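For reference, the structure is listed below as structure tokens.
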């Protein structure tokens, strides 16, 4: 057997392994099994059997060669395996690196895309922000251009066009006319109007403590004849700069002191020095003057002037409020660096309530103010002044009040227009006279603040040796401390003089006059105990006296019925008993008058101190009327009855003079429609017409913070219901709502003014008065009631004051009725011409309170913009919010016929179906004729509100309470209040004119009523049968109702023989069903 040679020494036949070519190497699997390459270790089925014969015989012949051959093959196989393994590892590494590079590239690409997207988004935001800034800038420019155009139009107005701002020529002509008319009277009577008694200089005048060493320097001297009043040229020297006997050195010294005082305020400008100096002249005392209504006005006419009304009974609010006002103004300045461009809050959908009112004219110059003040003096001659009053100019004691330096002109104009009543003899010399006239509208509680300053301490000032206060808070405490000490000392001296004078008069000849025991301090409980002496005539409580014999003289200025009754009462008195009775009555009146004056001053002083955050507690002395050491008790027993625990079951009235102190610090009420003269005029009207005497006057109180939080949020209650010291503890972001008004005062918007000291107390007092009256009516102590309160409340929302309102009085009263008395059904009727958005918000989801509002809506274009007919409530309160929204503007304006139709077709049917337990009325009278378009514009009569009140009295068993809301024309609100109170008393109302009875409602009103009825017919079935009579007049509607009632009665009288009488009545149609 031959074998061929091989390079490896092996025969080609016996070589079991062949070398791998590169192509096969590349296609080899990644894993190799070594066992397959070893013939000795492979299973027999894995390798084919070798059947060759030569091979079998060669194995035993060449064992060594075979072994060597196997070793070589195994070695070669191991080498190939290592090579393949290295190739596979290299391939794996190459692919892994390739995949890693791809992943990294993808990751970089993704990051790049994200960065590009972020860059694009940021660029878009920048562009959007730039567009907003540009748009805001354009809006500001347009608004500025618009204001400039309006101002330019006012400046370039033609003389023939109407304007609310009087031109200079008109003012000069009016002033010249008044001066010429009053020149002779002023020249003839000026010297008689000035008191020359030096005691009045120190006891009744106000001057700075810097001038304590010198007599008061008045603008005019009492010992010289004065020149005739006339016009002064602006180029001339100021006529009242100094008197002839005053040296220039003393004048310069006084001017330096006054400038130093004024410059202590950060708000005062250096340029307003002459104006402020002109206002610091000494007051002129007038001892024999009185005020009454304007000439030609009867007892129903209100005060024709809305002058500055701030206080009464000799306690001026400007003295304690000066440091507090300065504190607030200082915070306004230091927070942002300047007071001006602070944003004004606007209502939810419309601007402020007074938007569109004519602008007030510029303040007159100092010379004009001097002329107006001197013109008022002759008109006060030969008149009776109320006890404890005299005339004094308005003194600006705070920087904010100095900005409105012309604020005292309305006071003097108010005094010039007063009518001169018949002169009466004073009851007691030195005490003033008791007004016994019956035709006066302005009572003792209506006199302006500048008149109530007779026996009052001097305004507080800083002595030359006193150090300057370091901050506003230190100044406030210093002023209050000085005021407290001076007031008590002054009051003690005054009371001792009065008691000594009275003891000399009424003491018996056989008994020497005893020194009276003075009690200048009194506890709060005793003040409350004596309130009965202040609210009702003392003569009504005298035992053993007939009422007709005492109707002629009343201490609290209650109007007498007539002069004939007085004369008749005098004739009925027996001649023998007349001297003793009159003398005893005179003594009692004198003692009571002294007690009333003292209690008035203490109450007002204590209230002003508490409003400023300084509690004042008096010693627990007994009331002087019950002390045996009193001179009055030496002659006759002085019995003071406690106020009755249960009032008369009649109409209740509530009113408090502290609400008069809520007024703007500018002092100009002409620029603020909601002023103190509103409620003062109403109260005087009720007193003069005799309605007040027929009602039960209850005592009001301040609502607690917990009561206010039943409707308002805690932050809102603390911000607007606490004193300045507590407000300083709040977050500065909350107090930023206060802004500086154009008039110089402070407010939360251009309508809603804010007084740092008195506004919170007045707002809480208004709520408390309404709550007290509502609870007395709900519990059956009173029949019904009328609350003469301010500020109003139906616009105040949970956390937002607006529209003159801070706290919602009616809403708080309704919430407390639900919580404390568990009243299940309460009806709130709001007939103010503006929608009560605050009351609607408070009860929008409450099914137990039905809120019905009659207001001017004009498709949301009238303040406040809310009150659409489709606002029916939410949740369980759906259907219990009824908005009788009148649309169509003032073409024509709504009147009596439209409101009577709305009551007939919407209000009364729903109210009867609701069947309330108590009825509350937000009684705003700004829908009465006489209000300008922005404040109302409707033409309702005052009689109409009397008829609306009479209809509501048929609900809830007569438990009806009216709370004053809006209304800014004094004549309109006085007439409407008189009509409502007369209706509450059950008096017969004056009939409506025939024109109103036969007048049909206008098309706009019919459309508005049909829309409301269509919306609410799904909630109130009573509206379905009245849709056909919406357009009828009152006479036509009554005729239809009469015919329907006759038809129902006739059908009820029909009989069917087969049916028993008992079943016939059940199948007859009801009155609510339409007639067959």
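Here the Cβ of each residue, glycine as well, is placed from N, Cα and C on the backbone.
As annotated by Swiss-Prot, coiled coil applies to 66-169, with the evidence given as sequence analysis.
Taken from Swiss-Prot, the feature region 'Interaction with MEF2A' applies to 117-312.
Residues or ranges marked as compositional bias 'Basic and acidic residues' by Swiss-Prot: 132-162 (among others).
Per Swiss-Prot, the feature region 'Disordered' maps to 132-166 (among others).
The compositional bias 'Polar residues' annotation in Swiss-Prot covers 205-224 (among others).
Look at Swiss-Prot and you will find 205-225 (among others) tagged as region 'Disordered'.
Marked as region 'Disordered' by Swiss-Prot: 239-323 (among others).
The compositional bias 'Basic and acidic residues' annotation in Swiss-Prot covers 258-273 (among others).
Residues or ranges marked as region 'Disordered' in Swiss-Prot: 506-529 (among others).
Summarising the annotation, Swiss-Prot assigns compositional bias 'Basic and acidic residues' to 514-529 (among others).
The region 'Disordered' feature in Swiss-Prot is assigned to 541-580 (among others).
Annotation comment: Swiss-Prot describes 622-645 (among others) as region 'Disordered'.
For 626-638 (among others), the entry in Swiss-Prot reads compositional bias 'Polar residues'.
Residues or ranges marked as Zn(2+) binding site in Swiss-Prot: 664, 666, 672, 743. In the three-state DSSP classification, residue 743 (Zn(2+) binding site) falls within coil. Counting every protein chain shown, the Cβ of residue 743 (Zn(2+) binding site) has 23 other Cβ atoms within 10 Å.
Swiss-Prot lists 1043-1076 with the feature motif 'Nuclear export signal'.
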For the compositional bias 'Basic and acidic residues' (132-162), residues assigned helix / strand / coil by DSSP: 24 helix, 0 strand, 7 coil
Intrachain C-beta neighbours of residue 664 (Zn(2+) binding site), sequence separation six or more, cut-off 8 angstroms: 671, 672, 741, 743, 745, 746, 747, 753, 755
Structural state of residue 666 (Zn(2+) binding site), classified by DSSP into three states: coil
